[in-house]
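> Annotations for this protein, taken from Swiss-Prot, read as follows:
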BINDING   8-15, 21-22, Arg60, 87-90, Lys98, 114-115, 183-184  substrate binding site
ACT_SITE  His9  active site, tele-phosphohistidine intermediate
ACT_SITE  Glu87  active site, proton donor/acceptor
SITE      His182  site 'Transition state stabilizer'
Amino acid sequence: MYKLVLIRHGESTWNKENRFTGWVDVDLTEQGRNEAYQAGELLKEAGYTFDIAYTSVLKRAIRTLWHVQDKMDLMYLPVVHSWRLNERHYGALSGLNKAETAAKFGDDQVLVWRRSYDTPPPALEATDERAPFNDPRYAKVPREQLPLTECLKDTVARVLPLWNESIAPAVRAGKQVLIAAHGNSLRALIKYLDGISDSDIVGLNIPNGVPLVYELDENLKPIKHYYLGDQDAIAQAQAAVAKQGKAG
C-alpha cells in the first residue's frame, strides 16, 4: 500500500475577499499561514514524514508548503515546482468578486463557470496584463500551452502529465510524497484518481489547509481517503467553499 498526501494552500488574500484568483500570484493571509502550520502539526503528530514534495509556481501554495516543512522540520526536502499544479486559470473572471459576479450573471451561471467540467469562463485577451505570456516563471513553457482561460477538463489535461511522468513514478518507487497545490488542480487529480464523473465533480469542495490522505493499492488505485483533523470543522469549511460563488 502507498500513501499520498494532498493539501490545498491556506487561506489567501483573495480567498478572504471572495475573489476569483486563478493564476494571479496573491499571498497567504495570517489565517492562511496558521492553517499551514496547523497542517504541518497534524501531519507531524500523526507520524508522517516525506521524501519529496510537489507544488505550483504560485506563492500561496509554495508558502503553505514552506510552513508545513518548517513545522515538520523538513526544510531540506527536495521540492518540485511545476506550473502544471497551478490553480485553474479563471480567464476574464480573475480578480472579480464571486458574489458580485453571481449577482450580475446569476448563481447558476457562476456555478457553471466555477464548477462545471467542460465550460470555461470568458477568456482573457492575449494583450491583457494578467495573461501569462510575459511572466518570467513561464518562460520555458511553450506559448501554446499557456492558457487564457480554463475549465476543469483543461486543468485535468494539464495536471496529468506531471502525475504520469513524475509523481506516480515517485510513489511507485516507495517515496513518501506531499503535494501542496490549489483547489482545482487538486480536484483535477482527485477526479482522475477516484474516477469521479464529469457531473459529480461539481459537488467536490476542498477546504484550505487541511491534509487529505490517499491510501493507494499497487496499481495506484484509491483504497480510501480521509482528511486529518476535526471532521466537523472540515465539513463546515467544505460547505463554506461551496457557498463562495452565490450572490447572497
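Any Cβ shown, glycine's included, is placed from N, Cα and C.
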> Using Cα coordinates, what distance in whole Å links Arg8 (substrate binding site) and His182 (site 'Transition state stabilizer')?
5
> Counting every protein chain present, what is the number of Cβ atoms, excluding its own, within 10 Å of the Cβ of Trp14 (substrate binding site)?
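So the number of other Cβ atoms within 10 Å of Trp14 (substrate binding site) is 20.
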> What is the interatomic distance between the Cα atoms of Gly22 (substrate binding site) and His182 (site 'Transition state stabilizer'), given in whole Å?
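Given the Cα positions, Gly22 (substrate binding site) is 9 Å from His182 (site 'Transition state stabilizer').
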> Say we define neighbours as other CB atoms within 10 Å of the CB. Which of the binding-site residues Gly22, Gly183 has the fewest?
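Ranked by other Cβ atoms within 10 Å, the binding-site residues Gly22, Gly183 bottom out at Gly183.
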> Take the C-alpha atoms of His182 (site 'Transition state stabilizer') and Glu11 (substrate binding site) and report the distance between them in angstrom, rounded.
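Answer for this pair: 11 Å between alpha carbons.
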> Helix, strand or coil: which one is Arg8 (substrate binding site) in, per DSSP?
strand
> Ranking the recorded positions Glu11, Glu87 by other Cβ atoms within 10 Å, which is at the bottom?
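Output over recorded positions Glu11, Glu87: least Cβ neighbours within 10 Å is Glu11.
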